[in-house]
Amino acid sequence: MAKLLLLLLLSRGLYAIEIPLDLKQPPTITKQSVKDHIVDPRDSAVVECEAKGNPMPVFSWRRNGKFFNPGRDPRVSMRRRSGTLDIAFYSGLDPEDYEGEYQCFATNDFGSAVSNKILLRVSKSPVWPKEFLEPVAVNQGLPLVLPCDPPPSVPPPHIFWMNSCRLTVGLNGDLYFSSITVNDTRTTYSCNARFAQTIQQKSPYTIKVLTIKVSTRLVAESVPSFLFPKGTASSKVVLRGKPLILMCIAAGVPTPTITWSKKVGDLPRRKLRLENFNKTLRITSMSDDNAGDYICTASNRMGATSHTITVRVQATPYWANKPENLVLTSEDNGKLICRANGIPKPTIQWLVNGEPVDSVPPNPRRQVAGDTLILRSVQIGDSAVYQCNASNEHGYLLANAFIKAAPRMLGPRNQLVKVMENNRTFLYCPFFGSPLPELRCGFGRGLALWWVWGLTYTNGTLEVRHARLDDQGTYTCVANNRLGKAENQARLEVKEPTRITRPPEHLRAIRGSTARFECRAKHDPTLPITVTWKRNGRLQKEDDFLAISSVRREDEGNYTCTVRTELDRASASARLVVLDRPDPPTDLELSDPTERSIRITWTPGNDNHSPTKEYLVQYEEDYWEPGRWKNLSSYPGNLNSVILPLSPFINYQFRVYAINAIGWSKPSRPSQRYQTSAPDAVPGNIRGVGTWKTRMEIRWEPLEDTQRNGPHLRYIVWWRRRDSREEWKNITTYWLRHIIYDTDTFTPYEIKVQAVNDFGLGPESNVVIGYSGEDRPIAAPTNLRVSKTDSTKATVHWTPVPSKTIMGLLKEYKVYYWRESSQLKWLSVSREKKSKGFNVTGPQPWGVLTGLVPYSNYKMHMVVANSRYEGPASSTVEFQTKEGVPAPPRFFRIQQRHMDTLYLDWDRPAEPNGILTGYTLKYQVVNGTRGGRTQLDFPPNTTYYSMNRPDRYTRYRFSLAARTQVGVGEAAVEDSPLFTNEAYTREQVDIATQGWFIGVMCAIALLVVILLIVCFIKKSRGGKYPVRDKKDLPLDPVDQKDQDGSFDYRDEDNKPLQGSQMSLDGMVKMQESDDSLVDYGEGGDGQFNEDGSFIGQYAGRKDRDENEGNLGSEATSPVSPLYSLA
């Protein structure tokens, strides 16, 4: 092993390898401090350096390029088996004495490994020297720069100034004014610097602004110019991956605005950020394509100027081919390639054991060719740690050490591996060698080795995925390369898995009893077992059973039985539930008090796994038997809120027991006391009504007599303005109302009323909102307009009034509208005023007026109404409705003046609703089988029509409707009359309506009256006639005669004639009526007028001559004309 050659190598076709620590190897640095290491002087400084190697490396340090011995400095110590330095900064020590560049060397027999150069610095918070600053006088409108110049510190301080559009803190910490104004005159311009431990302030500047002359008044405007950076061009170098910060500060009046652009290409918008009013450009991470010329432009209305900043991107060294650990052996040839990139191009320096290759003794087998170190026919004496340092002005890189060796097994030999059946296991065979050995694993040993290839990993591990009894035996691992071979064996034993055959069962135990769990398991007889019990994860006992005596509630939980062998384990769990008396109820609350009851509510306690069967409520009163609790009522266990029956005039206190199968709980804590004598109801129908604009009347309904519960019932009235912080006001009264004066108009109040008697206060009512009185609205809706109309509807829009002008609760917006006239000039209309309310809100309210008359001119105005008043009217708006369909005709008649002709006439509609264009007549047969419907159209000036019937018994149904341009209106429907009496009756009715018929009938009536008057005169005159010469006709023995034998004719009207009637000429005629219609022409040749009246009073008899007729006229009954007329 001592002849191994250690080299640093990176070569294509070789491989990286981790060298086991049990092999001899050179040191490798594993941990070190950062290159720029800043420490706090108040703490100890730690400079880390740790390395590995075999033999164990020895550590040494160089400080500022010279050997540094920590053992000579009592304040510095180096940790054991490490190169880490601990520097104790304590009283009397200046930490700056230990600042410098530190480098750690880790050395053993095979070479030296070197850490990075670590620059140790102590953070400083210097004191800002006091200085007197003269006031700075500057003319108004000129730029100004106030320097900060903080003392140097580690790390650099953070500078704070005031900042605004015109004031800017530069990257160097100075304060820049784009232009001075009068407002800049101050004495408090101070620069603040935050150091590592403190914040310090520079002496403040005082600025005096010299104003311009009054006659000039205005500050002269100027073209922008740059305060930072100076000139028209500058350059900046930034490292790749680091942020870029560019700043432009310009002077000028008015204050210039800053814009950025790139000379070639676009700005990287995704990672660019503009800050400080565009004066600062920040790119978070620079790449090569972000390099170029960045142009900063300052402009105002006087002009513009630009500054170009050339940005160059450079990079610290980075590996193109990074060296990795490789191995060579004696007489081998090899080359070490150290290739790195960077901007500027890194320089390559080769070192041997930390020393430059040029300063060590020359070796003819070693050749350096730029970034390649070539080794030919290496020997044992060439053992060393070769290092490559690639560096430029921004940093450097280093490399590592390597080895080449024959195969070697690294793990323990002849190991025994045990696995449970059907489980997965691994047979480990760690090895090392260079070149990389070929590895084979097999089952058996010696010549009987059976190779297993598929389950072997490259690191020498053999996986057995599902172990079976057939897999049990010895396995051999062999590693070969050209330098030799090594082998190792491992024995695999497959065991029977452990399983629980009798798991513990769940138990329910009463508190104080004994609970017992049992657990039985089957396992491999070659493996010893242990049985453990745990409760909720805590160990209880190691045995195959667990007995718990005097069970307590704390013993409740999950119990787990675990059977363990060295290879596996099996577990089973069971739960122990402890049964106990219930916990007492809590949070007793009384509610819903009434005259003889109250509701009690409680929160049930834990039933401890035995359901609560019953609750028992007890009470105690403090007057008759104070301190003694008595049973009141019991209730089912599923209730937690019940109504308790109470007795009057008792001061109650309650408590509750919970009862389950185990026993009674402890009593609950007592409830609050409740006195049943106080009123237990609230007044009803509480309301606040505004009776006047500055008053509100609070009213309520009284309690019933059964709700008083005591003498001297009265009411406490509470009120306050809603949404105010004022206190409640109250008054006690026996009345059922209370008036509040001097209120604001329509102001909401919170109101509640509480009853009280001599025994106490009743419950408070819920808060009710009442309002003081309303006043008349003071504003009218505006912008009243009609947006859309049709024949019967109009859409109305308006602008609502401000809510504060309603002076009350908005009830509605009411439109008053009336029909001013019809668009038909000849049609008179009613101007009855109508109204409609719209209860709408919103910024653009609207509503629809319905039921309008078509083709009319309307007027309207609007008011806003609250619950009491209507406000002033808006301006009157006129609108027109469109033409519609007509109303039905004013009348529609059907007359049958002849048996085969129907006469129809009608009148135009009462509401034409537009310009009539004609009439439509439809008719069809309604009592026959002839179908079909006939339609006729008439012009608007036609109002009659006649038609012939095909026969007198056919009936028709007619419908007549008027038309406008909009369409056909509502129809009037009539049926034709029957030919029977119905037709005659209709004829007479129709004739009776004619003027000529009325005149004739009036004349006839006048004539009848005259005749009646004449007959009455004749009858009143009377007469006696001689009858003695009529001896040939005997008188009726009952006839009444005067003394002189004359006959009194005045009674003829009242008595019937007996026997045959004697004529005046002595001739006896047949007995017949004197008023026979035959005599007067009814059945004979009597004559009538056209209207059926008689011609004259009498028509002469057929057998009587003219003289006879005249002689007999006086003997005729005077009532004959009446009968003839009848």
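Using the three backbone atoms N, Cα and C, a Cβ is placed for every residue, glycine included.
What TrEMBL records for this protein:
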COMPBIAS  1028-1055  compositional bias 'Basic and acidic residues'
DOMAIN    27-115  domain 'Ig-like'
DOMAIN    129-208  domain 'Ig-like'
DOMAIN    224-312  domain 'Ig-like'
DOMAIN    317-404  domain 'Ig-like'
DOMAIN    412-493  domain 'Ig-like'
DOMAIN    497-577  domain 'Ig-like'
DOMAIN    584-679  domain 'Fibronectin type-III'
DOMAIN    682-775  domain 'Fibronectin type-III'
DOMAIN    780-884  domain 'Fibronectin type-III'
DOMAIN    888-983  domain 'Fibronectin type-III'
REGION    1028-1063  region 'Disordered'
REGION    1075-1126  region 'Disordered'
SIGNAL    1-16  signal peptide
TRANSMEM  996-1017  transmembrane segment
Maximum Cβ pairs under 8 Å to the domain 'Ig-like' (129-208) - stretch from the list 27-115, 497-577, 780-884: 27-115
Helix, strand and coil residues within the domain 'Ig-like' (27-115) as assigned by DSSP: 7 helix, 47 strand, 35 coil
The domain 'Ig-like' (129-208), counted residue by residue under DSSP: helix, strand, coil: 3 helix, 26 strand, 51 coil
Within the predicted model, mean pLDDT of the domain 'Fibronectin type-III' (584-679): 89
